[in-house]
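Heads up: the structure comes next, in structure tokens.
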Amino acid sequence: MPGTIILAIETSCDETGVGITRLEADGTLTLLADEVASSVDEHVRFGGVVPEIASRAHLEALGPAMRRALTTAGIVRPDVVATTIGPGLAGALLVGVAAAKAYAAAWGVPFYAVNHLGGHLAADVYEHGPLPECVALLVSGGHTHLLHVRSLGEPMVELGATVDDAAGEAYDKVARLLGLGYPGGKVLDDLARSGDPDAIVFPRGMTGPSDDPCAFSFSGLKTAVACYVEAHPDFRPADVAAGFQEAVADVLTRKAVRAATGLGVSTLLIAGGVAANSRLRELATQRCSEAGLTLRIPRPRLCTDNGAMIAAFAAHLVAAKAAPSPLDVPSDPGLPVVKGQVG
């Protein structure tokens with residue numbers, strides 16, 4: 001099989017991912033396998049991810065996911081092994097990092113330690129090809145960042161981030177307020193489709209003239225939803241969901257488009273789990289069109305955590321002839337977003 005075969009493992013939170021991609025001689029990527037096993041059902045009754053349960057689930061799921069991926073890709077061993085090194089849950093990361101190092105050593109192939117958040121940005125390469133200079137809006141359960149990305153191989157510049165709750169975290173908290181359970185992203189998105197986004201106008205945090213134009217705040221929005229629900233016992237859940245979702249999408253897209261136009265950058269990339277949200281995608285498409293920006297968003301399957309995105313970032317490192325990471329590099333639960341490769 002021509003090209004360089006890269007196998008990557010993702011275990012930063014509650015999804016066990018194994019992705020296998022082929023880096024072609026011309027730099028293009030061919031995704032050969034994308035296996036994901038989620039432990040979300042085991043966390044539902046706790047209303048959020050329990051780190052110990054997530055770690056044990058990774059231990060149980062990784063071996064079978066690896067075998068399925070190798071079979072699907074039709075290979076016996078890859079040319080390169082990569083893994084998420086951080087950020088994420090400490091125990092969950094250790095499972096994937098230890099496994100990836102063991103596989104790399106046993107197969108005698110190079111090992112690359114990859115930033116989970118950089119992987120989210122790289123996932124779009126499967127959809128739209130090499131990433132040009134862009135402003136990236138990275139939105140997930142634990143992170144909300146605006147980044148200036150010149151290329152995947154250069155250090156990213158953080159333009160702003162949330163000062164409190166991440167966007168995905170706000171979704172989960174509002175879903176609990178409405179009695180919708182965990183996780184909240186998809187269920188709120190689905191419910192909002194039958195609601196009126198103009199029926200309840202919730203506040204847009206950090207949008208005043210004196211506020212940081214690239215910073216975000218969703219704690220006040222969450223509190224506003226809680227106060228509304230308490231004051232209106234007969235509230236219509238679909239309208240609350242629609243109003244909340246409209247506020248989130250409005251702030252995210254408004255600030256991202258403004259950042260791109262302000263920097264004179266012609267491309268906006270939206271990545272991370274929240275990028276799968278239908279209203280965010282719709283409003284971003286509209287506002288980028290109005291601003292003359294090219295919008296890049298991966299398909300929803302590639303927005304959530306997976307091994308394919310880690311393989312994509314590792315492929316960029318291999319193509320750039322970056323030195324492999326040492327096998328003694330430790331996992332880093334608090335790894336900053338601006339650092340793509342570790343070691």
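For all residues, glycine too, the Cβ spot is worked out from N, Cα and C.
In the three-state DSSP reading, His120 (Fe cation binding site) counts as helix. The annotation Fe cation binding site is assigned in Swiss-Prot to His116, His120, Asp305.
Using a 10 Å radius centred on the Cβ of Gly185 (substrate binding site) and all shown protein chains, the other Cβ atoms total 22. The substrate binding site feature in Swiss-Prot is assigned to Leu138, Val139, Ser140, Gly141, Gly142, Asp172, Gly185, Asp189, Asn277.
A helical conformation is recorded for Gly185 (substrate binding site) in the three-state DSSP classification.
Considering only the binding-site residues His116, His120, Asp305, the residue whose Cα is spatially closest to the Cα of Leu138 (substrate binding site) is His120. The two recorded residues, Asn277 (substrate binding site) and Asp305 (Fe cation binding site), have Cα atoms 14 Å apart. Rounded to a whole number, the distance between the Cα atoms of Gly185 (substrate binding site) and His120 (Fe cation binding site) is 17 Å. Neighbour density at the Cβ, taken as the number of other Cβ atoms within 10 Å, is lowest among the binding-site residues Ser140, Asn277 for Ser140.
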